[in-house]
Amino acid sequence: MRWLFWTSENDKDECKCNNKPSSNSDEKPSIILNSSKDWNALSNATNWSHFLEPSNLIPTVLLTSGILFAVRIHRRYLRRIPEATNISPSYLRQRSILGKVTSVGDGDNFRIYHTPGGMLAGWGWLRKVPTSKKELKNNTIHIRIAGVDAPELAHFGRPSQPFGEEAHTWLTNRLIGRRIRAYVYRPDQYSRVVATVYAYRFLFFPQDIGLQMLREGLATIYEAKSGAEFGGPKQEKKYRDAEALAKKKGKGLWKAKASSDWESPRDFKSRMNAIDQGKGST
C-alpha cells in the first residue's frame, strides 16, 4: 500500500523501528546462559592435575600432617590438668603426671602443680609455677600415696598419733618444691588421686616415696575394706617386704610395737571413728 504523500521517509524509518519486537526480555536469560557456559568452560579449561604434581602435593600433605600431629601432641602430652577430678579415665593405669609439689597436707598426701612436658616444655626457665594461694587455688592435683598409711596428724578435733609429726616432716623435706612423677591409678572418696610417687633428688635417680617411707618405719601397709591399691602384685610384694624388714629392725613407729597401747594408723583411725560415732549418738 502506498503511503500518503505527506508521509516522509524519516517517518517511515521510525515506524519500521517502532515495529521491531522488543528484545529486553530475551537478553537476561541469554546473559545468564552465556555466564554459565563461560564458567563451565573455565572449569573445564583449568588444569587440575597441576595440584597433584609432587612439587605441590608433598608440601601440602606434610604441612597438614604436621599441624594434626602438633595438635595431637598438645592434647596428649602438653595439656595441663588443674585438679585431680579433671584427670581423664584414659590416664588411669596408663599414664603418669609430672608436677611440682606445692604443699604437704599429711604424712601420705600432698598437692602438685601439673607441669606437662617438664623442663622441655619450658617449666622452670620459661614458664614459672605459681606460688601464691590465690594463683594455686583450684589449680593443684591432690595426691594420695598408694599402698602406704602414715600416722595421723592432729585435725578435726582429733589428737595426733605417735610419729605423725615425724612422718609429715620427713615427707615435707623430701617433696616440697621438688619435681615428682605420679603414676595414677584411681580416684578416692576425698577427690584425690591414688598414685605411686617418684621424687627426683638428682636428675636421673627417682626415688619411690612410698617404699622409702616403709623402709624408714614412717608408714605401714595400707589396709582397707575395699582393697588397697599398690599398682600391681610386684609392687605390693616389694612394699610388704620393706615393711617386714622395718618391723624386724624396729625402725620408726615399730619401736613401740611391743607396747600394749601400740596402734597402727588403721587401728587409730578406726578408734577415732568409733569415738566420733559415740559422741554423735549421745
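Placement of Cβ uses the backbone N, Cα and C atoms for every residue, glycine included.
Range annotated as transmembrane segment by Swiss-Prot, chosen from 55-71, 140-156: 55-71. In the structure as shown, the Cβ atom of ARG144 (active site) sits within 10 Å of 23 other Cβ atoms. Spatially close to ASP149 (Ca(2+) binding site) yet at least six residues away along the chain are ASP108, ALA219, THR220, ILE221, TYR222, GLU223, SER264, PRO265, ARG266, judged by Cβ distances under 8 angstroms. Mean model confidence of the domain 'TNase-like' (95-256) amounts to 93 (pLDDT, 0 to 100 scale).
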